[in-house]
Amino acid sequence: MRRSSPEKKPEAEWEADAAAAAAATAAATESLPAETEKQQGVDAGAAGDPERLELEEQPKDVGRIPTPTRRHAPEEGEARVVRRLPPALPLAQPRPAARALSQLVKARGRSRSRVYRRSAGSMRPVTVDSSKARTSLDALKISLRQLRWKEFPFGRRLPCDIYWHGVSFRDSDILSGQVNKFPGMTEMVRKVTLSRALRIMQNLFPEEYNFYPRSWILPEEFQLFVSQVQTVKEGDPSWKPTFIVKPDSGCQGDGIYLIKDPCDGRLTGTLHNRPAVVQEYIRKPLLIDKLKFDIRLYVLLKSLDPLEIYIAKDGLSRFCTEPYQEPNPQNLHHVFMHLTNYSLNIHSGKFVHSDSASTGSKRTFSSILCRLSSKGVDIKKVWSDIISLVIKTVIALTPELKVFYQSDIPTGRPGPTCFQILGFDILLMKNLKPMLLEVNANPSMRIEHEYELSPGVFENIPSLVDEEVKVAVIRDTLRLMDPLKKKKEIHFPDIYMDRKHRIPPVSDRMSSWKHKGSSLSIVRSQQMEKSFTSKEDLNCDPTGGDSEPNPEAHLPSICLKQVFPKYAKQFNYLRLVDRMANLFIRFLGIKGTMKLGPTGFRTFIRNCKLSSSSLSMAAVDILYIDITRRWNSVTVDQRDSGMCLQAFVEAFFFLAQRKFKLQPLHEQVASLIDLCEYHLSVLDEKRLLCHRGRPLQRNPPQMNRPEHSATGSSAPRVIGASKLSQS
C-alpha cells in the first residue's frame, strides 16, 4: 500500500471527520430544501460579479469535508479538489444522509466550471428596474416577458443591469448599469434650444439643413421677426404666409396656435408669458384621404461617444380629423384640421379607433409607405431623405449633450452608461420632402387609449396599432443594450441573413469571396428593405459549426436599423460643432461645470496660439465679456456664471472669420479647428516627451483645401438616395 503524503491526515482523523460530516449533513438536510434554493436564486441576476455572487450564496456548512487550509485560491475553471479516503479503510454501505453528502460533494467538485458557464449564458437573466417607468410600464412588461428577463417593479437593493426611467435621467440616483435617458436631453429638444442648435448648423451648411422651417425665438427676436416678414412682403406682395406659434416647453399640442400677422394680439400676449418659437407654417403637406398627417418615428441614440444611431423600421402616422384646407382667416382656429397631435384629435368626434394598421386616425407608417408605393412613389428615396434628416438632427444635438454628460457624469467618477429613445415628428410635403416638426425626449409609449363610456367616465382600451410598434421598439432597444450579450467580432454581410441568400458552405464561399470581396460592401448597402430569416435560420451558426441554442431564436428580427456609424463617411464632415465642443470641454477646468470661465478662455487662446498683433489678449477679454453677457441675458439656465457652449461657438465663428478670410464659413471654421487641434496635439506630445529630451518635429496643417470633413478628408456635398435607403 502506498503511503500517503505528509499533508494527508491519519486514518483515524479521516474516519472521525467523515462521521462528523455525515452527522452534520443529516441535521442540515431537513431544513435545507426550499429555503436555501430560494435564497440562492433571489439575486442570481445581480449586476456586478455574478460568479462571486453565486459562489457566496451556496450553503456554507452543508456537505463540507474538513480539509487543510488551501495554499492558493482556485483560478477560473479550476475544479474543487476533494480528498478521498485511504484505500485501507473499509467502506460501509452509505446511509441516506451520507449518500446525499457524497452527491453534494461530487456536484460541488464540478460546480466551479459550471458556475462560470451558467452565469455567462441564458441562465443568468438581465435585471431591469421598472419602478420609474410610468406610462411606458405596460409596453416594458410585455417586452421583458418576451425577452425572458427579470423585472424589479419596486426597485432593488442590489444594482440592476438596466434602469428604465419614464421622464429624465435624474428620476433616481444610480451609479452603475445602464439608464434609458441622457442627462440634458429634455432641455436640448425643447423648441428654443433645438431651434438654436439647428440654426448654428444652418449657418454652416444651409443646403444640408433646409429640412427645418424658418424659425424665430420669442421674445428676443420679435422685432427681427416683424422686420423680416415686412421686408419679404414688400418685395413680394403676393406672399401671404401663415405662422405657427409653439411654446418652448409645451407638449401634446398645448398652447399651439396659428397667426397670419406678426402683430397679432395673441402673439403679443405670448411675449409676456413664456419663451416660444414662431415658425413659417407648411401650407402644402401631403394628404391621404384628404387629411393632413404626420409621422412619429422612433430613433435610438445608443451611444454618444462614439456616436451610434438606430432608426425603427416602422412608426406611427397620426391623422387630423377634419379635411385639410390651406389656412385662411376663417379656419385658423380649426385645430382638428391643422394640428396632427394625437392628444388633441382624440377629443374630436370624428376620431376613428381601429385595430387595423392601415385604417383609422392612427396607422402604421409602413401602411402609408405601402399605399404610396402602390401609386408609384419611390419609397427608397423617401427613406433616404428621412434617414438623412435624422442623422443631421442628432449631429446638431450631440455637442451640447456632451457638455451635459460630462457635467452629470464626469470622467473618473462612477456613473451609468446612457441610451435613449427619441420621438421624431416629421411632416411629408406634397413633393414628398420630409420636414422636421420637433423632437420628443419622452415619446409616449402607452399601448392603450381612453374611451369615454359616458360623460366623465373613461375606460382604457388596448390599442393594437400602438402595441405592434411600441413594444417592438422597446424590446429591440433592450436587445441592443443587453449587457450580457456576447460581442461577436466576426460580422457577416447582411445579405447572408436573407431568406433568398442562405449562407453556403465555407468551401463554396471561399472562391467567390476571392473575386467578389471588394463588392460585398456595395451589396450590403442595397439590402435595406430585405426580409429576414425564419427562427430556425436565426438559430443556425453561420460558420457551419455546432453552437449553443440562440436565446433570441423565439424573437422576431430586430426592428431597429443602424444608420450611424454605418453612414459616417457621408456625414462626418458635418460634425464641426462636435469638434468645437471637445475643445470647449477640454478648457472647462472644473469637473461638473457647463460654462467656461475667463481664465479657461484665455488658456484656450494661448494654447491654440490664436493671439497676434491684431488680436491682443485685452481684445480677447473684451470679446469674452461681450458675448458672455449677451448669451446670459437670453438663456434661462443661470446655475453657473461664464460662457456657455453656444456663446463659445459664436466666439469661435468670429475668430475663424477674422483669421481665414475669403472662404465660406464652414471652411473657415474647419480650418481654425484644424489649427487648434494641431497646436494642442503638439502641446500634449511635448508634455509626454519632455522628460526624454527628444526633439519634436511636426509640420503645421495645410489650411487651404477645397473641402473639409471631420476626418480630414473631402466629403461629398450631395448624398445619393441609393446610398442611404438600402442596407
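Cβ from N, Cα, C; glycine included.
Cβ neighbours of Gly253 (ATP binding site) (same chain, under 8 Å, six or more residues apart in sequence): Val335, Leu339, Asn341, Ser343, Leu344. If you look up Swiss-Prot, you'll see Lys246, Gln252, Gly253, Gln279, Glu280, Tyr281, Ile282, Lys292, Phe293, Asp294, Thr340, Asn341 marked as ATP binding site.
According to Swiss-Prot, the feature protein binding site maps to Gln252. In the shown protein chains, 13 other C-beta atoms lie within 10 A of the C-beta of Gln252 (protein binding site).
The Mg(2+) 1 binding site annotation in Swiss-Prot covers Asp425, Glu438 and rests on similarity to another entry. A C-beta separation below 8 Å, combined with a sequence spacing of at least six in one chain, links Glu438 (Mg(2+) 1 binding site) to Val189, Lys191, Leu194, Lys246, Asp425. Secondary structure from DSSP puts Glu438 (Mg(2+) 1 binding site) in a beta strand.
Swiss-Prot lists 1-12 (among others) with the feature compositional bias 'Basic and acidic residues'.
The compositional bias 'Low complexity' annotation in Swiss-Prot covers 17-34.
Look at Swiss-Prot and you will find 49-63 (among others) tagged as compositional bias 'Basic and acidic residues'.
Feature annotation from Swiss-Prot assigns compositional bias 'Basic and acidic residues' to 72-81 (among others).
If you look up Swiss-Prot, you'll see 125-477 marked as domain 'TTL', on the strength of sequence analysis.
What Swiss-Prot records for 1-88 (among others) is region 'Disordered'.
Each residue in the region 'c-MTBD region' (464-566) has a pLDDT score, and their mean in this model is 59. Sequence annotations record features per position, and here Swiss-Prot assigns region 'c-MTBD region' to 464-566 based on similarity to another entry.
Annotation source Swiss-Prot lists region 'Disordered' at 530-551 (among others).
Summarising the annotation, Swiss-Prot assigns region 'Disordered' to 694-727 (among others).
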Does DSSP give Gly253 (ATP binding site) helix, strand or coil?
coil
Of the binding-site residues listed (Glu280, Asp425), the greatest number of other CB atoms within 10 A surrounds the CB of Asp425
So of Lys246, Ile282, Thr340, which of the binding-site residues has the fewest other Cβ atoms within 10 Å around its own Cβ?
Ile282
Just checking a number: largest C-alpha distance across Lys246, Gln252, Gly253, Gln279, Glu280, Tyr281, Ile282, Lys292, Phe293, Asp294, Thr340, Asn341 for the ATP site, rounded to a whole Å.
20
Measure the Cβ-based neighbour count of Phe293 (ATP binding site), defined as the other Cβ atoms within 10 Å of its Cβ.
23
Candidates Glu280, Ile282, Phe293, Thr340 (binding-site residues); nearest Cα to Gln252 (protein binding site) turns out to be Thr340
